[in-house]
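**Student:** Just passing along the structure, written as structure tokens.
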Amino acid sequence: MSNQLNLSKQIDRNNCTSLLLYYPLFISFLFSFLFSFSVLSSPGEIAIRVFRACTELGIRTVAVYSEEDRGQMHRQKADEAYLIGKSLPPVAAYLHIPDIIKVAKENGVDAIHPGYGFLSERSDFAQACVDAGVRFIGPSPETVRKMGDKVEARSLAISAGVPVVPGTDAPISSVGEARVFSETYGFPIIFKAAYGGGGRGMRVVKEYEELEENYHRAYSEALTAFGNGALFVEKFIEKPRHIEVQILGDKYGNIIHLYERDCSIQRRHQKVVEIAPAADLDPHLRDRLTSDSVKLAKQVGYENAGTVEFLVDKHGKHYFIEVNSRLQVEHTVTEEVTDVDLVHAQLRVCEGRSLPELGLTQETIRVNGCAIQCRVTTEDPARGFQPDTGRLEVFRSGEGMGIRLDSASAFPGAVISPHYDSLLVKVIASGKDMSTAAAKMHRALSEFRVRGVKTNIPFLQNVLSNHQFLHSTVDTQFIDENQNLFIMKPVQNRAQKLLHYLGHVMVNGPTTPIPVKAKPSSIDPVIPTVPMGATFDVAMRFLYECPWKRLQELRTLVPNVPFQMLLRGANAVGYTNYPDNAVFKFCEVAKENGMDIFRVFDSLNYLPNMILGMEAAGRAGGVVEAAISYTGDVSDPMRQKYSLAYYVKLTEELMKAGTHVLCIKDMAGLLKPESSRILISALRDRYPDVPIHVHTHDTAGAGVAAMLACAEAGADVVDVAVDSMAGMTSQPSMGAMVACTKGTKLDTGIALEKVFDYSEYWEVTRGLYAPFDCTATMKSGNADVYENEIPGGQYTNLHFQAHSMGLGNKFKQVKKSYSEANKLLGDLIKVTPSSKIVGDLAQFMVQNNLTREEVEEKADELSFPLSVVEFLQGHIGIPHGGFPEPFRTRVLKSLPRIEGRPGATLPPLDFDALEAGLRLLHGDDITEEDVMSAAMYPKVFQEYKEFTGSFGPVDCLSTRLFLDGPKIAEEFQVEIERGKTLHIKALAVGDLNKTGQRGVFFELNGQLRSVLVKDNVAMKEMKFHPKALKSVRGQVGAPMPGKVIEVKVEPGQKVEKGQPLCVLSAMKMETVVNSPLTGVVTVIHVNTDTSLEGDDLILEITAEE
């Protein structure tokens, strides 16, 4: 009576006193917040399901929670909530029966609903409830014991005349007993947890060699999940259907069934998709299944809700597996097709109502339509359904007619921990038939947006589109036999990745190295930005864009103007030697993507390198423009190494090789007006029909005069830069050239007004790149370039480097050392990479305060820069006039030398193997262009893919946002594709948390979004477990977050490929980490009980030679 009064007061407070008419005895409920081991269940999903039913019936609810789950939703949905298992691990907390009973007694709780999982099938828990005077909402303790003991349940089924699979009569106590069973019945066999289900403690063994390892894994999993590692063994039925029957009994011996569910779609013996009723099930078989279920339930006097599970073989013969003496995760589909609320029924039966009183008789149970349940989990199907953990940054569900959602902790900001199952939300779709329900489910899943953790949604969508699933029957091997289910459409996640990038810039500053401390202009150009060209590696390395995509976009926008690219001869677009087939393939792919003219050069004018590049460009169908790199001064009779005769002879060789266009490439801006006239006139006289193109830089300020002289001497094309970008180390002024030739025979026909408009746009654009502007450190050009011969681009870089190193006042010394270094190396043509070699040696001399004479004197004892050593070895070719001696011999000593063209001896590049490796690392969306990028710049491409994997494509951002990020409270728009525009507002940057992260808050399309960003400065002061690098083959990382429960190897131990290294446990599942290669274990970074995040470094292996 006191219990009744206690509840009455609660009901009065809720204005629900009318409910007193319906219940002779009211019960308030403690839900113990447990999780199903038969599904991957998120914390609290079933808790909230029961709380809602209680609320509908006017019943007070009480929740318990572990310390780990303070922020979980089930705690907030209950009327009251209390902590249990203080200081215990999360799983142990929910297995701590004394704490649960204590909370129940201290808070006037009348009954406990066990949900599913953990204690729900523990007879000692049910008995503890009864002993404490608290009702257990489920079968009697004795029934729970009988049904929970799989061996006894099997014996009862045999007694009831229900067919069973051959198996052991009692739990086995050793692997030896399993061997005896396998010798009697043969393989395959299956281990099953004797006191639990749902795939935990379950292992299929197909051959003798797997027996012992699987026995130990099954035992360990069962012990972790159910507190008892006892196992029994059965003959494994191959390719069966998994059909289960929902039963319901009361205290008066009435038992009914609510028909069947098909749970055949499973991975690792855990259900993924459930359907009610089972498709294409023979009516006679259905009758046998339901009849046997009721018969078995009556034999044990079953009370409350339960499920009888069967396997049905290909001949239509059924075998009893087990009884789950609790509510099942998939009870939802039965509710949808029978219109019976099973939780209401559980509560009413516990209250003492009979099934007929509730209107539940076998004759009244009808099946209407079809229902499908998909379990949306935080798992990665592409990695063997490995669980993923982390923070839900975004959660948006699918809804609409015919859709039901059962979830708990699916909300933005929720933390998915490794302690429990990975179920995020159950999606249930109902329709008049299976195809209708499947269509609704597919539509609902397509509406989901989950960011922050991986989910199985793309996999589920593939299942729902599968022809066999829609039009035939499936068995438990459906997933294993349909590997096309794993060919999933990648989740783009563009918006959230962009927010991550912007947050990263706001916290850590620009991702692109900034030479000077200057902010980009806040003023955008007045006309829309169009994509422009960029150096191949710079596009990936600093702009994080695909150079091929840039070319494709430009070709689409400008279809009628020839495009030209620079090709470094045998070095293609890189700074090293490549196999010949790589150079030919690159030119082929470039031509296919829209390139027209290949300006082929070599930094040393080394003819064999140039001819290879010309052949590659010509074979690809491109226009070949052979470029002679210019140095020296043909107008100075005292400088004879690079004389007029040298250039004329080199031109003759290039003409013989078949060039279509001739180019003079004056990278340092050394052409004076007189030398321009001498050189171009000589070439024009000798080759009157070949187009001549001249490229120069305006470092000394004489560029316009020199180009005018070239044009007058017969050059057809000269390179210029728009006025706002011209001068100094750039090209001569376009406006000046147009103006100076106006009205002459060299008139360009270009209106100056158009040049001015074009220049105005680029003047504003230049302000966006203020951190990179050479005027930050350079205020004018300098004619001393005629002495030091530093190329324009390198001149700027050296100036920046000198200032960044605090040597701005020593730049004059740097330039002088550059000139001396050039002489030491034999007076080289200086174009990348030869110019870098001279620059490296010059900086080496300045840093070590060495003169040219001192370098020559100490050549055999100094540690020279690697680039200098490799040059002297012959890595980039042979310079005109040969290598400087005895300097070369003294530096190299006994080091090997390369004779002839460096790339001639390189083996062909295996493009198929390269592509296969890239697909393994980055997925199947690797293109032919990606393969070429990786061939040219392996490390840069790897970093580019890692960047885009984290931040997505950033080319949709404006320059200022890309470089500097948004200001707080700034609103802006980003068009990620045609018709899809993001409206973003930057709100705030949070404080540093204990993991070295800061929360960055945005408003995206009117909704609050947040991202966690690692603070790089703070991270240097905090210690974290190292990550395994994908690019390092011998580094073995954690495939999922979890705890190490066993390390199977030691440092120095030799391991074979596929050999177990360690065992991880997460979400009540154990995973064996196997060796990816044969080799020797060098370092182990973990111990037993080490907690790991995904990709944390476990150990390192040195590959066997």
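Positions of Cβ are set from backbone N, Cα and C atoms, glycine also.
What TrEMBL says about a protein is an automatic prediction, not a curated fact.
Sharing the features that TrEMBL gives for it:
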ACT_SITE  Arg326  active site
BINDING   Lys150, Glu234, His269  ATP binding site
BINDING   Arg568, Thr832  substrate binding site
BINDING   Lys665, His695, His697  Mn(2+) binding site
DOMAIN    34-484  domain 'Biotin carboxylation'
DOMAIN    154-351  domain 'ATP-grasp'
DOMAIN    499-756  domain 'Pyruvate carboxyltransferase'
DOMAIN    1033-1102  domain 'Lipoyl-binding'
MOD_RES   Lys1068  N6-biotinyllysine
TRANSMEM  20-40  transmembrane segment
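Please go over these features one by one and say how buried each is and what sits next to it.
**Tutor:** Around Arg326 (active site), the C-beta neighbours below 8 angstroms that are at least 6 residues distant in the chain are Pro114, Gly115, Tyr116, Ser120, Glu121, Gly138, Ala305, Gly306.
The Cβ of Thr832 (substrate binding site) has 19 other Cβ atoms within 10 Å, all protein chains considered.
Under 8 Å, Cβ to Cβ, and six or more positions away along its own chain, Lys665 (Mn(2+) binding site) finds Arg599, Phe601, Ala627, Ile628, Ser629, Tyr630, His695, Val831.
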**Student:** Neighbour count first, Cβ atoms within 10 Å, every protein chain included; then name which of His269, His697 tops the list of binding-site residues.
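**Tutor:** Top count of Cβ atoms within 10 Å goes to His697.
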**Student:** Looking at the domain 'ATP-grasp' (154-351) alone, can you tell me the average pLDDT?
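**Tutor:** Summarising the domain 'ATP-grasp' (154-351) by its mean pLDDT gives 92.
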**Student:** Treating G and I as helix alongside H, and B as strand alongside E, what does DSSP give for the domain 'Lipoyl-binding' (1033-1102) in helix, strand and coil?
**Tutor:** 0 helix, 39 strand, 31 coil
**Student:** Show which residues of the chain containing Lys150 (ATP binding site), separated from it by at least 6 in sequence, have their CB under 8 Å from its CB.
**Tutor:** Lys192, Ala193, Ala194, Tyr195, Phe232, Glu322
**Student:** To the nearest whole angstrom, state the Cα distance for the pair His697 (Mn(2+) binding site) and His269 (ATP binding site).
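**Tutor:** Distance between the two Cα atoms comes out at 70 Å.
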**Student:** By a simple count, how many Cβ atoms lie within 10 Å of the Cβ of Glu234 (ATP binding site), its own Cβ left out?
**Tutor:** 21
**Student:** How big is the gap, in Å, between the Cα of His269 (ATP binding site) and that of Thr832 (substrate binding site), rounded to a whole number?
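**Tutor:** Between the alpha carbons of His269 (ATP binding site) and Thr832 (substrate binding site) there are 60 Å.
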**Student:** Between Arg568 (substrate binding site) and Glu234 (ATP binding site), what C-alpha distance do you get in Å?
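**Tutor:** Just about 68 Å between their Cα atoms.
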**Student:** Within 10 Å of the Cβ of His695 (Mn(2+) binding site), how many other Cβ atoms can you find? Include all protein chains, please.
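**Tutor:** There are 23 such Cβ atoms around His695 (Mn(2+) binding site).
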**Student:** Around the Mn(2+) site (Lys665, His695, His697), what further same-chain residues have their C-beta within 8 angstroms of the site's C-beta centre?
**Tutor:** Tyr630, Ile664, Asp666, Met667, Gly669, Val694, Thr696, Asp719, Gln731, Gly792
**Student:** Report, in whole Å, the straight Cα-to-Cα distance of Glu234 (ATP binding site) from Thr832 (substrate binding site).
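**Tutor:** Glu234 (ATP binding site) has its Cα 71 Å from the Cα of Thr832 (substrate binding site).
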